[in-house]
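A.B. asks: Grabbed the feature section from TrEMBL, which reads as follows:
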TRANSMEM  A:6-24  transmembrane segment
DOMAIN    A:7-81  domain 'Glycine transporter'
TRANSMEM  A:31-48  transmembrane segment
TRANSMEM  A:60-80  transmembrane segment
TRANSMEM  A:92-111  transmembrane segment
DOMAIN    A:93-164  domain 'Glycine transporter'
TRANSMEM  A:117-138  transmembrane segment
TRANSMEM  A:150-170  transmembrane segment
TRANSMEM  A:176-195  transmembrane segment
Amino acid sequence: MTVLLHFIDVFGTFVFALSGATVGVRHRFDLFGVFVLAFVTAVGGGCVRDLCLGATPPAGLINVEYLVCVIIAIMLITFFQKIVFSFEKPALFFDALGLGFFAAFGANKAYVHTHEIFFSILMGCISAVGGGCIRDILTGRSPVILTKEIYASAALIGAGIQILGSSGVIPPQYSIWLAIGSCTAIRMVSLRYNITLKTITNKYLD
Amino acid sequence: MTVLLHFIDVFGTFVFALSGATVGVRHRFDLFGVFVLAFVTAVGGGCVRDLCLGATPPAGLINVEYLVCVIIAIMLITFFQKIVFSFEKPALFFDALGLGFFAAFGANKAYVHTHEIFFSILMGCISAVGGGCIRDILTGRSPVILTKEIYASAALIGAGIQILGSSGVIPPQYSIWLAIGSCTAIRMVSLRYNITLKTITNKYLD
Amino acid sequence: MTVLLHFIDVFGTFVFALSGATVGVRHRFDLFGVFVLAFVTAVGGGCVRDLCLGATPPAGLINVEYLVCVIIAIMLITFFQKIVFSFEKPALFFDALGLGFFAAFGANKAYVHTHEIFFSILMGCISAVGGGCIRDILTGRSPVILTKEIYASAALIGAGIQILGSSGVIPPQYSIWLAIGSCTAIRMVSLRYNITLKTITNKYLD
């Protein structure tokens, strides 16, 4: 099981890095810019979480595996662009899987540090979506997760389920899988049926 | 007096959250996006301050009262939009009051941690205006406080007066009220008479 | 030698502050906004580094010398704009010198804290270019270092050379000068001959 979790961690990081690198290439960033976007998307959320926990240096910045993921992602996007884009559909699935893993892992790490329920759920969500937010800010636009699609909400639910396990309400050995499964399922179903969160009606503004 | 300070804290947070939620609705963010903007505007400045102080986890992220403020703000903007906007004038006053409180409170917290005068004034200012800056960056524009209106400058003065109290130059039991009063007064007078900070003449640029 | 290093530190900070202040004036920010941009450009990178190291409060925020640099930069841009811009060419050289110093200094500080090679090189680079990135984000655009010119790459190489010294591969008393020299040389040569980093070809996107 630990091996499978480690695989999800690394593969999720890789898919996140690939998404960052793609955005970088699309914005005509140079090689360094593409590296920064890939790296930030992959590890940015975990870094913000670790800074908030006071767990310095942030784990994502000293993990050489993550760096290798980023480098492979950049090489793929440079030399095998066509192949990469033919895997767009499966990439969405692995992205959702990574989302669930990072949410659950981040929430658990925060809970172990602080035993604060609300804070830990928040940290789980930030671990999962923070990198994408920084990526969007670096490309000069509003984070896409704030405006459309069920993405951060799926991470919130995954983080919440994990905290049920971390705090002993459900057995911890199941909660990580339940969290990853729920988050991935919610994300994939919302994509499949094009479900979005309600926008608050705006009658008196502008 | 402590009760009154606590009231200003909570009510200031609530008004900040309302301002963030309003911006979110105006930008057509979804429910999650509106929550993020409201929450970030309310607690973002204090979080940056606490990260700079090494006081982790940031106090704003584990304070359930603040979370309740944010949720009430979002419910109001969802269901009672018209009423909310009819209170625009009083909201400006409570915003100014919150500004003064956060500046004084943040400056004092930083001074207690570090006994650095310049750093503490800076931290007070960041506590008060940092949340609004992050809100603006998340909506893809330059922070409004950098370009117009006396807002951050009022916070700087409030923070400076508080440090006079924290460092014993004036009695600490008065300084918090003097700081809040000065900051609120400067802000309200500048709004009333449309006073702005000088823009540096730009003769040789562009 | 220490005196010379200190001079490079202060003068580099001053040139960085001047670059931030110039951007602020160009964007018609008010006096407070220009101060924020100048200050953030000068000390922002070091602050991010110190937060990642858990070295709070960040050194740049309690260093009064840096504050003086920022204030002088703002006074120069206010009262002697024409003179400032007549020094544009030398400013590029001192900017490159500062870049090298901050990269080497930051990398060494991170290495002393953590003994992590990759992390320290990253921190050196962030020390050198982070302030400029935050400046660009505050003005609502993509960081310029991500899209063109050899700038961050020069900092990365400077940081890498410094780590060779910090970890004892080359004598530490030489590495700082070798790092600053290489970084400055790469930057100046790339400017002189208009060398840029490769952009990844973008055949299947958009």
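FYI, residue positions are counted from 1 along the chain as it appears here.
In case you wondered, yes, glycine gets a Cβ from its N, Cα and C as well.
Bear in mind that the values here come from a model prediction, so they are computed numbers and not experimental data.
I'd like these features described in context: how deep, what's nearby, how far apart.
C.D. replies: Long-range contacts of the transmembrane segment (A:31-48) within the same chain: residues 13-14, 16-21, 23-25, 58-61, 63, 66-67, 69-70, 73-74, 77, 102, 106, 126-135, 138-139, each at least 6 residues beyond the stretch ends and with a Cβ under 8 Å from a Cβ of the stretch.
Same-chain neighbours of the transmembrane segment (A:60-80): 10, 13-14, 17-18, 20-22, 25, 31, 34-35, 38-39, 42-44, 46-47, 50, counting only residues six or more beyond its ends whose CB sits under 8 Å from a CB of the stretch.
Counting residues 6+ beyond its ends, the transmembrane segment (A:92-111) has Cβ neighbours under 8 Å at 5, 8-9, 11-13, 15-16, 19, 45-46, 49, 52-53, 55, 117, 119-129, 151, 154-156, 158-163, 165-167, 175-176, 179-184, 187-188, 191 in the same chain.
Here the domain 'Glycine transporter' (A:93-164) has a mean pLDDT of 89 out of 100.
Cβ atoms under 8 Å from those of the transmembrane segment (A:117-138) belong to residues 16, 19-20, 23, 36-37, 40-49, 52-53, 98-100, 102-111, 144-145, 151-152, 155-156, 158-160, 162-163, 166-167, 183 of the same chain, restricted to positions at least 6 beyond its ends.
Proximity of distant same-chain residues to the transmembrane segment (A:150-170), defined by a Cβ-Cβ separation under 8 Å and at least 6 residues beyond the stretch ends, is recorded for 96, 99-100, 102-108, 111-112, 117, 120-125, 128-129, 176, 178-180, 182-184, 186-187, 190, 195-197.
Long-range contacts of the transmembrane segment (A:176-195) within the same chain, counting only residues at least 6 positions beyond its ends with a Cβ under 8 Å from a Cβ of the stretch, are 5, 8, 92-93, 96-97, 99-101, 103-105, 107-108, 128, 149-151, 153-155, 157-159, 161-162, 165, 170.
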A.B. asks: Are there residues at least six beyond either end of the transmembrane segment (A:6-24) with Cβ under 8 Å to its Cβ atoms? List them, or say none.
C.D. replies: 33-43, 65-66, 69-70, 72-74, 76-77, 84, 91, 94-95, 97-99, 101-102, 105, 131-132, 135, 139, 180
A.B. asks: List the helix, strand and coil residue totals of the domain 'Glycine transporter' (A:93-164) as derived from DSSP.
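C.D. replies: Summed over the domain 'Glycine transporter' (A:93-164), the classes give 60 helix, 0 strand, 12 coil.
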